[in-house]
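J.: First the structure, then my questions, so here it is.
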Amino acid sequence: QGEPVRVLVTGAAGQIAYSLLYSIAKGDVFGKDQPLILVLLDITPMMTVLEGVVMELQDCALPLLREVIPTDKEEVAFKDLDIAILVGSMPRREGMERKDLLKANVKIFKSQGAALDKYAKKSVKVVVVGNPANTNCLIASKSAPSIPKENFSCLTRLDHNRAKSQIALKLGVTANDVKNVIIWGNHSSTQYPDVNHAKVNVKGKEVGVYEAIKDDSWLKGDFILTVQQRGAAVIKARKLSSAMSAAKAICDHVRDIWFGTPAGEFVSMGVISDGNSYGVPEDLLYSFPVVIKDKAWKFVEGLPINDFSREKMDLTAKELAEEKETAVEFLSSA
């Protein structure tokens, strides 16, 4: 059993957290014999709702859960953390410009970055889910100078899982039969889901996705659009954003940080672009293919990039550079 892992979830009274907390607490992420302390942060008006979430976690009677700490105070939330999952952010309201959204979120993630810097362990792993996730993650990292940049990542695993499942559905196989899809760039509609290097297991034989599907116009057209716009499609149908699938993706992302990626497989994660070999500008929080071992990620190197991919990768980098510029302006006044 050993020492409990101390895990923070922010936006803990929200709907993604509602799907996420049970999975973490029952051992899906850190293992079936790893005790946990869950710290739940939300804003003051949500504390009553959060009490209800705490009651439910208690009522699940989970053997791994040593303690649940609900709070609206950053100095309590960020203390001695092993991992921080930053789900809470200012959501985009109708008629809201992306700029306004960025401004509100810079304030939140500057403050949370500073709290990480001051209170958390220096080895803390920080996963940003709240949108705009890439830029929020960059701001948090810049606001926590004493924590290595490599310890910060943002969630593009949901997009990665969406891409896998679209290929699996098209071929009538399971999502497990598809590996090494890549999400490049921003967790926005400019992201580039790339299956040029992906493999699929068809009747016991591993083949390239392009070879298996034999429909280049679908792969370069509808497939990409479906993945890019899936979040909006879920909202349109459900009148709520994707929570179940987001929670599952967070679990996948954090478990891979904790236990490493399977041999021969890589996953997509938004990470700091410094030192990449794919021509992505430095100092962006950009989604790349990575492998993870001993809680440290590395870029997957040497993948050939065709002209179609290059154009898409540059487009999403340009959007991230613009977002960063706007956010950094706000940072000085936040």
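Just so you know, the numbers here start at 1 and follow the chain as drawn.
Including glycine, each Cβ sits where the backbone N, Cα and C put it.
Residues or ranges marked as active site, proton acceptor in TrEMBL: His187. Residues or ranges marked as NAD(+) binding site in TrEMBL: Asp42, Asn105, Val129, Gly130, Asn131. The annotation substrate binding site is assigned in TrEMBL to Arg92, Arg98, Asn131, Arg162. Summarising the annotation, TrEMBL assigns domain 'Lactate/malate dehydrogenase N-terminal' to 5-152. Marked as domain 'Lactate/malate dehydrogenase C-terminal' by TrEMBL: 156-330.
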J.: Among the recorded positions Arg92, Arg98, His187, which residue has the largest number of other Cβ atoms within 10 Å of its own Cβ?
T.: His187
J.: Which residues, sitting 6 or more apart from Gly130 (NAD(+) binding site) on the same chain, put a CB under 8 Å from its CB?
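T.: Result: Thr10, Gly11, Leu86, Val87, Gly88, Ser89, Met90, Asn105, Ile108, Phe109, Asn136.
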J.: Which whole number is the mean pLDDT over the domain 'Lactate/malate dehydrogenase N-terminal' (5-152)?
T.: 96
J.: Could you measure between Arg92 (substrate binding site) and Asn131 (NAD(+) binding site) for me? Cα positions, answer in whole angstrom.
T.: 9
J.: Taking just the CA atoms, what is the gap between Asn131 (NAD(+) binding site) and His187 (active site, proton acceptor) in Å?
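T.: For Asn131 (NAD(+) binding site) versus His187 (active site, proton acceptor), the Cα atoms are 8 Å apart.
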J.: Under 8 Å Cβ to Cβ from Val129 (NAD(+) binding site), same chain, six or more residues apart: give me those in sequence order, or none if nothing qualifies.
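T.: In sequence order, Ile16, Ile85, Leu86, Val87, Ser89, Cys154, Leu155, Ala246, Ile250 meet the Cβ cut-off.
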J.: Using a 10 Å radius around its CB, how many other CB atoms surround Asn105 (NAD(+) binding site)?
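T.: Counting Cβ neighbours of Asn105 (NAD(+) binding site) within 10 Å gives 25.
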J.: Round to the nearest Å and give the CA-to-CA distance linking His187 (active site, proton acceptor) with Arg162 (substrate binding site).
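T.: Distance between the two Cα atoms comes out at 12 Å.
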J.: Rounded to a whole number, how many Å is the Cα of Asp42 (NAD(+) binding site) away from the Cα of Arg98 (substrate binding site)?
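T.: With the alpha carbons as reference points, the distance is 23 Å.
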J.: List every residue in the same chain as Arg162 (substrate binding site), at least 6 positions away in sequence, whose Cβ is under 8 Å from its Cβ.
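T.: Correct list: Pro193, Thr226, Val227, Arg230, Ser245.
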